[in-house]
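What follows is a set of notes on a single structure, which appears directly below.
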Amino acid sequence: MDQNLSGLDCLSEPDEKRWPDGKRKRKNSQCMGKSGMSGDSSVSLLSAGYIPSYLTKDEPCVVCSDKATGYHYRCITCEGCKGFFRRTIQKNLHPSYSCKYDGCCIIDKITRNQCQLCRFKKCIAVGMAMDLVLDDSKRVAKRKLIEENRERRRKEEMIKTLQQRPEPSSEEWELIRIVTEAHRSTNAQGSHWKQRRKFLPEDIGQNPMASMPDSDKVDLEAFSEFTKIITPAITRVVDFAKKLPMFSELPCEDQIILLKGCCMEIMSLRAAVRYDPDSETLTLSGEMAVKREQLKNGGLGVVSDAIFDLGRSLSAFNLDDTEVALLQAVLLMSSDRTGLICTDKIEKCQETYLLAFEHYINHRKHNIPHFWPKLLMKVTDLRMIGACHASRFLHMKVECPTELFPPLFLEVFEDQEV
């Protein structure tokens, strides 16, 4: 490959020679960068009145004295002479050029198209470099190299930006430690859930009537199985919240409102991060593995689809315990729940968690582009799941006998706004 290709985004090299006929040296090293104008893109720039910074106003072409547009093949020339010189070399036309007047033509803006030989000779005389005109293969190779260099610089800038993003302070690390421990101590089966889960028998929750598109019946056998694990699942969410220092400082009334508002969201998150693509199941409360239709027919309806879809999308995020814990803390401290007293204090608490969360994400350095905003979108998804479940709960109350509802289940979800 031509050594002139290496590492350049421009189309020519600097030249320190003086111009013939008393022309001065190029003004500065900016000429290298600006010579990228030699491509077709220069036409659109010129039509917009673009003038390179190294040219003086109305600076003439050193070949024909027309208005120069830039530094082309080591000389300041107009677009016409640049194109003429390039075509001549690329198509090897100069051996066929001839002159009717013994090679003595004066080349200017008016006469430049009348004698190709004298125009080409003047191009050479003023210093235009034949070796800088690339053939097709070299031009393709150069364009490829330019793109590779741009991509390399883009990645370097991205890495530099990531390295400059703040990581958790010592106070934030302590908060992160407390939140993570609160999650681990209240998350059933921990990292061993796959080994300890039990699959709900396939004949449960597969009621043909409940599965019919036009039917919204609840499979009572499946619903009964789910209610067996709902009380300990809710209790673990309450225990998680109580372990967070900022939560315990809130009035009791606000604590209750926050817990009722986030309970389904946190339980859904804990189930979603235990989505198993191989068996296409979610593991509820760390122990019961269920399929989509079983959860749907067991009372959740379309909410089941939302939780399974969330689980499938979250599997690409590869969240660790700390990220799941901080997501739960953000969901818990939602200041827009109806009836709260200390909304400002709760909002500041959530901001504290969010900032520590963002800094922790910076520390983790995930490979997914825009990881942080994409993860925050999952908070919105979980809030939607909570809202849909509040509506779905009313349907369950109609379809299912009251005696099947555990007291804590009723206490948490019965008075929620729809």
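Cβ from N, Cα, C; glycine included.
Annotated Zn(2+) 2-binding residues in Swiss-Prot are C99, C115, C118, and among C81, C105 the one listed with them is C105. Feature zinc finger, per Swiss-Prot, maps to range 61-81 of the set 61-81, 124-144, 229-249. When the binding-site residues C78, C81, C115, C118 are ranked by how far their Cα is from the Cα of R236 (3,3',5-triiodo-L-thyronine binding site), C78 comes first. Recorded residues C78 (Zn(2+) 1 binding site) and C99 (Zn(2+) 2 binding site) have their alpha carbons 23 Å apart, per Cα-Cα distance. Secondary structure at C115 (Zn(2+) 2 binding site), as computed by DSSP, is coil.
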